[in-house]
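Novice: Found this in Swiss-Prot, in case it helps:
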type: MOTIF; residues: 1-11; note: motif 'Nuclear localization signal'
type: DISULFID; residues: Cys20-Cys26; note: disulfide bond
type: MOTIF; residues: 446-454; note: motif 'Nuclear localization signal'
Amino acid sequence: MSPRAKRRKRASPTDLYRTCKQAGTCPPDIIPRVEQDTLADRILKWGSLGVFFGGLGIGTGSGTGGRTGYIPVGTRPTTVVDVGLAPRPPVVIEPVGASEPSIVNLVEDSSIINAGSSHPTFTGTGGFEVTTSTVTDPAVLDITPSGNGVQVSSSSFVNPLFTDPAIIEAPQAGEVTGHVLVSTATSGSHGFEEIPMQTFATSGGDGGEPISSTPVPGVRRVAGPRLYSRANQQVRVRDPAFIDRPADLVTFDNPVYDPEETIIFQHPGLHEPPDPDFLDIVSLHRPALTSTRQGTVRFSRLGRRATLRTRSGKQIGARVHFYHDISPVAPEELEMEPLLPPTSEPLYDIYAESDFLQPLDSDVPAAPRGTLSLADTAVSASTASTLRGATTVPLSGGVDVPVYTGPDIDPSVGPGMGPLVPVIPAIPSSVYIVGGDYYLLPSYVLWPKRRKRVHYFFADGYVAA
């Protein structure tokens, strides 16, 4: 018996209607159900033409009884019906026609207007007297200036921005305060305000002055290469050939290259570069000029080592930052003058050999105490040894030379070595115990039973005499 095929569920009528309506491939029961054109729907449509059921909800709806639902006969609905607000009565407008009279008072009532005080009347006597006269001759005006000389006027304006004043006069107190607008030059004491001036830039200083001009606003600085990251090994190059001939430090050959571009090196299997810092370097990138915190210019190049090589031929290595500091101009050195007076004794080096050092007398007997044994050079002392307590002895040998401090001492009168007498020690070499019993200290007796085994000593008790 063959297995029964699994029944697949058909899609909903709504989904089938959307896809098959336009193509015309819908099943016969899909279109009447979606468009509500079944036999039951037609009976309800025909019956509703002659029967009206109101809001009972009898029809093709959900059968909930309409808005208020189904309630028992003789009871009130449990829901509250919102009846809303009562409408306001309309405002009655009385139209006024053109035939109806309109009374407008054109003359105002004069009883409400104050007439004011009476005007004074002039009788012509008293007050000002006005004299009138009539002149018939024309008026002649003399506009010729007095004198026969020519008058010339000149004005000059001094711009302090372009003219250096020869004499500067301090302003008065009123001109400084700003309350007096016009003033004249007067003699005597003047009040003025002193403003301290600040020097912004000098030609030579201690290095704290600005090294660049005021930056232009809106200029965006271009990010430089990251030379001091953790991924780069820092190597300082002291050879100045690194600036113009970096290839000479990597290989003995001098390939044709552009110093402003990246230099690629091809090394044999075993090679030794002229500079050991450039071992296994296969490429040097273009140079970069930066500044350090000390104000010097630093010449830098990034390189790559080929330390490992895989089977596929790929080279793996670390990145190296080679840099060379361009030293600034060295400051001028001043010759130092000696500060000691010319009459003072010169200082001598005990390690230096001088021509004016005189050899010591080899017949001087050696002292039994404080003997200094020197090696392999002639013993000599300077002429400054005549001073009390000052003797210059170089590190030389060949003869045992006594060295003394303090005043001059004659070696022949030095103390001699007498016979040594042994001293009997006061502490006895053996211990004698006089008594019969030995008692342990109470602190050791009262210990608990479970204790660590402790070795007792003779000093942990006492002897009964």
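Backbone N, Cα and C atoms are what each Cβ position is placed from, and that goes for glycine too.
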Novice: Could you give me three numbers for the motif 'Nuclear localization signal' (1-11), the DSSP helix, strand and coil residue counts?
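Specialist: Split by secondary structure, the motif 'Nuclear localization signal' (1-11) comes out as 0 helix, 0 strand, 11 coil.
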Novice: Secondary structure at Cys20 (disulfide bond) (DSSP, helix/strand/coil)?
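Specialist: The three-state answer is helix.
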Novice: If you draw a 10 Å sphere on the Cβ of Cys20 (disulfide bond), how many other Cβ atoms land inside?
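Specialist: Counting Cβ neighbours of Cys20 (disulfide bond) within 10 Å gives 14.
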Novice: Using a 10 Å cut-off, grab the number of neighbouring Cβ atoms around the Cβ of Cys26 (disulfide bond), all chains included.
Specialist: 16
